[in-house]
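Enquirer: Sending over a structure as structure tokens; questions will come in a sec.
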Amino acid sequence: MMQRAPQPIACLLGPTASGKTAAALAFAARAPVEIVSVDSALVYREMDIGTAKPSSEERAVAPHHLIDIVDPVDAYSAADFRADALRLVGEIEARGNVPLLVGGTMLYYKALTQGLNDLPAADPEVRATLDADAAREGWPALHARLAAVDAVTAARLAPNDSQRIQRALEVFMLTGQPMSALLAAPARSDDLAKGYRFVPIALEPSDRSVLHARIAQRFDAMLAKGFIDEVRRLRARGDLHPGLPAMRCVGYRQAWEYLDGETDYDTMRDKGVFATRQLCKRQLTWLRAMPERIVVDCCAGDAAGLALQAIERVIAG
């Protein structure tokens, strides 16, 4: 018996402010689509403005998944995403609808399409120990500690990159092996994704300055919508702190510093825009490492229409 060819699944990927939502909704207007978010910030509840979460009107156009599923105090990993996304794709197809993956968290996409490395799950006790060490010695000291056991990882991290330094030390403490060595090992394979062929459609700028201008405009619009008040409400809960993954999201970290009195308003705004541009740069680096991607110029006048055509070609096989 002939084996069924893998089902093509369109994945609309792109950096911040590249027009992913507009393109996805254009497709949703023409097909029975359900959108699966590929975004590590949209998973968090109570974080709407700073994540540019789709509005209730936009979500009414088509069902959206993996949005508002986690409390900001909790963690959500690439492994969690992979399991959820594969389950959802199967459920959406079983309903007779078309799954469309949309987002910009490239680590999630890599986990989905290439499998997972054999890294341990987060350990609250180890993290608490490292947080205490950092409070006493400072993150540069922990960066030096990391360099002694995993020089490869330490070399690519800034001395104050607390999130990644902590994770790399945590992995070493739990496994006795450098994280760089574990990441270099072949990813664990399974049969869960073998029935699908995930096709990346990349919204990339022909003129990066256009994207930079959009990023600045979007951050200013977030501020005008009440982003600072949103962060104030999160702080008022009392159970959140700047070390949590949710509060390390771009924009939230800068707003938290501002509300702590560490920066003034204009500096916070400029740092937020700069951090978003740096995120965009990293996203584009990931995208350009995908030779199989279909490229759509997000600066084109009809970028949404071009992306729509690409999605329809993928779905048609």
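Please read every residue number as a count from 1 along the shown chain.
Each Cβ is built from the backbone N, Cα and C atoms, and glycine gets one as well.
Pasting the feature list from Swiss-Prot:
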type: BINDING; residues: GLY14, PRO15, THR16, ALA17, SER18, GLY19, LYS20, THR21; note: ATP binding site
type: BINDING; residues: THR16, ALA17, SER18, GLY19, LYS20, THR21; note: substrate binding site
type: REGION; residues: 39-42; note: region 'Interaction with substrate tRNA'
type: SITE; residues: THR105; note: site 'Interaction with substrate tRNA'
type: SITE; residues: ARG127; note: site 'Interaction with substrate tRNA'
type: REGION; residues: 163-167; note: region 'Interaction with substrate tRNA'
type: REGION; residues: 248-253; note: region 'Interaction with substrate tRNA'
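Could you give the neighbours, burial and distances for every feature on this list?
Expert: Long-range neighbours of THR21 (ATP binding site) (same chain, six or more residues apart, CB within less than 8 Å of its CB): PRO54, GLU58, VAL102. For the recorded site, THR21 (ATP binding site), the DSSP three-state label reads helix.
The Cβ of SER18 (ATP binding site) lies under 8 Å from the Cβ of GLY104, LEU203, GLU204, PRO205, LEU211, CYS298, each of these being in the same chain and 6 or more residues away along the sequence.
Mean pLDDT for the region 'Interaction with substrate tRNA' (39-42) in the predicted structure: 97.
Summarising the environment of THR105 (site 'Interaction with substrate tRNA'), the number of other Cβ atoms within 10 Å of its Cβ, over all protein chains shown, is 20.
In sequence order, GLN166, GLU170 are the residues near ARG127 (site 'Interaction with substrate tRNA'), counting only same-chain partners six or more apart with C-beta under 8 A.
Residue counts for the region 'Interaction with substrate tRNA' (163-167) under DSSP, helix first, then strand, then coil, are 5 helix, 0 strand, 0 coil.
Tertiary proximity for the region 'Interaction with substrate tRNA' (248-253) is limited to same-chain residues at least six positions away from its ends with a CB under 8 Å from its CB atoms, namely 16, 40-41, 44, 47, 50-51, 163, 219, 222, 227, 231, 234, 242, 272, 275-276, 279.
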Enquirer: Take the region 'Interaction with substrate tRNA' (39-42) and count its residues per DSSP category (helix H/G/I, strand E/B, coil), listing them in that order.
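Expert: Secondary-structure breakdown of the region 'Interaction with substrate tRNA' (39-42): 0 helix, 0 strand, 4 coil.
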Enquirer: Using DSSP, tally how many residues of the region 'Interaction with substrate tRNA' (248-253) sit in helix, strand and coil.
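Expert: Reading the DSSP string over the region 'Interaction with substrate tRNA' (248-253) gives 3 helix, 0 strand, 3 coil.
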Enquirer: For THR16 (ATP binding site), just count the other CB atoms lying within 10 A of its CB, please.
Expert: 20
Enquirer: Non-local Cβ contacts of LYS20 (ATP binding site) (under 8 Å, 6 or more apart, same chain)?
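Expert: For LYS20 (ATP binding site), the qualifying residues are LEU12, LEU13, GLY14, VAL102, GLY103, GLY104, LEU203.
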Enquirer: Could you tell me the C-alpha distance between GLY19 (ATP binding site) and THR105 (site 'Interaction with substrate tRNA') in angstrom, no decimals?
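Expert: Cα to Cα, GLY19 (ATP binding site) and THR105 (site 'Interaction with substrate tRNA') are separated by 15 Å.
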Enquirer: How many whole Å apart are the CA atoms of ALA17 (ATP binding site) and THR105 (site 'Interaction with substrate tRNA')?
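Expert: Each residue's Cα considered, ALA17 (ATP binding site) and THR105 (site 'Interaction with substrate tRNA') end up 13 Å apart.
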Enquirer: Where does THR16 (ATP binding site) sit by DSSP, helix, strand or coil?
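Expert: In three-state terms, THR16 (ATP binding site) counts as coil.
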